[in-house]
Amino acid sequence: MKLTCVLIIAVLFLTACQLTTGETYSRGEQKDHALRSTDKNSKLTRQCTPVGGYCFDHHHCCSNHCIKSIGRCVAH
């Protein structure tokens, strides 16, 4: 019985938190948050290295192929 009461109170508390958070974002703050997130992602995005460029790992190459022995991106 005590466990049931604790679970009901926890669910009500979490529901109240969700409603409060949803109300905050519906006032226009969500738009600003989305813009900040986009700016942050664009700073973290790296451009790939073209074919013939230097590479250390295949993930850096636009073609996804790096010959590590010569350190160059190659075409697939």
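Start at 1 and count along the chain as shown; that gives each residue its number.
Here the Cβ of each residue, glycine as well, is placed from N, Cα and C on the backbone.
Annotated in Swiss-Prot:
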| type | residues | note |
| --- | --- | --- |
| DISULFID | Cys48-Cys62 | disulfide bond |
| DISULFID | Cys55-Cys66 | disulfide bond |
| DISULFID | Cys61-Cys73 | disulfide bond |
| MOD_RES | Gln47 | pyrrolidone carboxylic acid |
| SIGNAL | 1-22 | signal peptide |
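Each of the disulfide-bonded residues Cys61, Cys62, Cys73 was assessed for Cβ neighbours inside 10 Å, and the highest tally belongs to Cys61.
Neighbour counts of Cβ atoms within 10 Å were taken for the disulfide-bonded residues Cys48, Cys55, Cys66; the minimum is at Cys48.
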